[in-house]
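Student: For reference, TrEMBL lists these features for the protein:
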- 103-514: domain 'Major facilitator superfamily (MFS) profile' (DOMAIN)
- 170-190: transmembrane segment (TRANSMEM)
- 228-247: transmembrane segment (TRANSMEM)
- 259-277: transmembrane segment (TRANSMEM)
- 324-346: transmembrane segment (TRANSMEM)
- 366-387: transmembrane segment (TRANSMEM)
- 399-417: transmembrane segment (TRANSMEM)
- 423-446: transmembrane segment (TRANSMEM)
- 458-482: transmembrane segment (TRANSMEM)
- 488-510: transmembrane segment (TRANSMEM)
Amino acid sequence: MAKFTLRPYNSYFFPLPHTKNTPFIKTSLQLQRFHFHLSPSKPTLRIVATNTQHDVKDTHSTVSMAKLPVQPPHEPPLSASDNLSEVVGNWPPWKNIPQRYKLIGTTSLAFVICNMDKVNLSIAIIPMSHQFGWNSSTAGLVQSSFFWGYALSQLPGGWLAKVFGGSKVLQVGVLVWSVATAFVPLLAGYMPGLLLSRILVGIGEGVSPSAATDLIARTIPTEERSRAVAFVFGGLSVGSVMGLLLAPPLIQNFGWDSVFYLFGLFGIAWFLGFQVVQGDATQLTAESLLPAKATTTQSWKSSLKELNSSLQDIPWKAFFQSRAVWAMIYAHFCGSWGHYTCLSWLPTYFSEELDLNLTEAAWVSILPPLASILVTSIASQLADKLISKGVETTKVRKICQSIAFLSPAICMTLSSLDPGLPHWEVVGLLTGGIALSSFALSGLYCTHQDMSPEYASILLGITNTVGAIPGILGVALTGYLLDLTHSWSVSLFAPSIFFYLTGTVIWLVFASSKPQSFSEQN
C-alpha cells in the first residue's frame, strides 16, 4: 500500500498566505495516476486520484482544496553573482558559435597571414636589391626559392592532413613559416641562408591548402562548400592587400627588415591564439577528423605502422588514370603561372614600367587583390545558388573556371598590344583581369572536394605540387627574360596568356565534378 501525502507549501506552484501552522493533508491510496483540474470559474484546485485496482470499491477519491489561489509564477530578480555567473558562462564570445564556423574563420585568418608573408618579399625585394646589388635574375631566384619548399610540401601536407587532421597540420605549418619569416633579415647577407629561410616559409605555407581542404571537405556540406572555400582562400586576397598596405610605410620608417619581424610575429601570435580559441573543442574536432584507429595512446611503433599503411591505402593508380584529375592538374599549373608571376613581379612592373615610387607601386598593386575580395564573394554566392537550383555541379565548375582563365588572358592581351595606353587604363585592365581570376575558387578549388571528400586533401596536394612549379620556373624565368629582352610583354604577359588559353580548353573538355570511388577503382 503506497502512502501519498499532500502538503500545501509556499512555492512557485502553490502559493499560500503565510500561516504559523500549515496543516497536513494525508491519505492512503493505492494509486497509479493523478489528475489536476483547475476550475475556470474560480481559482480552486482539485486533485483527483484514480485507483485502478479491481478489488477497491471506491474507484475515485477526491480531495478538494477550496480557496487555494493560483497565481502566476514569479521569479526573483537575478543577483549580482548570478549576473556574473551568466557572463562568465558565455565567455569567450565565440563559445556558442558552431564549431565548423570557428574552424573556417580561424583558417581564413591563417591564410591572411600566409599571403602577408608571401607578398612582403615582392615589396622588400626592391630595397634589398639596391642594398645587396642584385640584378633581376638574382631577385627572381630569391623570390622563386619560396616555391621550392612550397612544391616539396604539397603531397606530404595532403597526406599528413588526412592522417592527423587538417587542424593540427595547419598549426604546425603556421608556426614553421612564421619563425622562418622572422629569420629572413638575419640571413639576408648570406645567400644560401636566405634561400633556406624562404624554402622553410614555402614548406610551412605549402601544407596549408591541403589542411584547409581537408577541414572543408569533412565538415561543410556541398551546398555551402563554394562559400566556405571562397571565405577561406579569400583570406589570401585580404592578406595580399594588408601586406601591400603595411610593407611600404614599415620599410620607409623602420627599414625593410621590420616587415619580416612584424609579419613573423603575427603568425606566432595566431598560433598561440588558436590554442585559446579552440580549447577542448579543437581536441574533439581533431579527433573526429582522424581515422578510427588513430588514438593518442598508441605507441610510436604502432603509429609508424599506421602511417605507412595509410600511405599504401591511397589509390594513386586510380588518381592518375582519371582524365578529370589530369584536367585539374593542368588547370592548376596554368592558373598558378599567371598568379605567381603577377604576385611576384607586378610591384616591380608598376615601379619601373609606370615610373611609380615604392609607396605608389604598392598602392597600385593592392587594387587586384582588393577587387578579388569582391569578385570572390559574388562568384561563391552565384555558384552555390546555381547548384541549389539544380544546375549540374560540373557545369557550374566549368563556367566559373572558364571565367577565371579567359578574363585575365583578354586583359593582359589588351594591355600588351598597345604600349601607349595611359597608366590608369593599364592598371584598370590588369586589376579587372586578375580580380576575375578569383572565379577559380568556385571552380577548380571546389572540384577536389566534389570529386572525393575522402581524398580531397591528397588530390589538392597532387595538383598544388604541379601548381607550385610555375612559382619556381615562372618567377625565375620572368626575371631572366626581363634581363634578356627588357620587355614586360614578352617576359610577364605572353607566357601567362598562353597557359590561360590552353588551360581553358583542357578544362572544358575533361573536367568533371562527379563523385569518384577511387578506392574501388584502385
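Using the three backbone atoms N, Cα and C, a Cβ is placed for every residue, glycine included.
Since this is a predicted model, take the numbers as computed values, not measurements.
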Student: Please figure out which one of 170-190, 259-277, 399-417, 458-482, 488-510 racks up the most CB pairs under 8 Å against the transmembrane segment (228-247).
Tutor: 259-277
Student: Is the transmembrane segment (324-346) close to the transmembrane segment (458-482), in the sense of at least 3 CB pairs under 8 angstroms with a sequence gap of 6 or more?
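Tutor: Counting Cβ pairs under 8 Å (6 or more apart in sequence), the transmembrane segment (458-482) reaches the transmembrane segment (324-346), since there are 3 or more.
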Student: By a Cβ-Cβ criterion of under 8 Å, what residues six or more beyond either terminus of the transmembrane segment (399-417) are in contact with it?
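Tutor: Same-chain residues near the transmembrane segment (399-417) but 6 or more away: 331, 334-335, 338, 379, 383, 425-426, 429-430, 432-434, 436-440, 442-444, 489, 493-494, 496-497, 500-501, 503-504, 507-508, 511.
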Student: Report, as numbers and ranges, which residues of the same chain sit near the transmembrane segment (423-446): CB under 8 Å and 6 or more residues beyond its ends.
Tutor: 225-226, 229-230, 233-234, 237, 328, 331-332, 335, 338-339, 342, 346, 350, 354, 364, 367-369, 371-372, 374-376, 379-380, 382-383, 396-405, 407-412, 414-415, 460, 463, 507, 513
Student: Output the single range from 170-190, 259-277, 324-346, 366-387 maximising the number of Cβ pairs under 8 Å to the transmembrane segment (488-510).
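Tutor: Highest pair count goes to 324-346.
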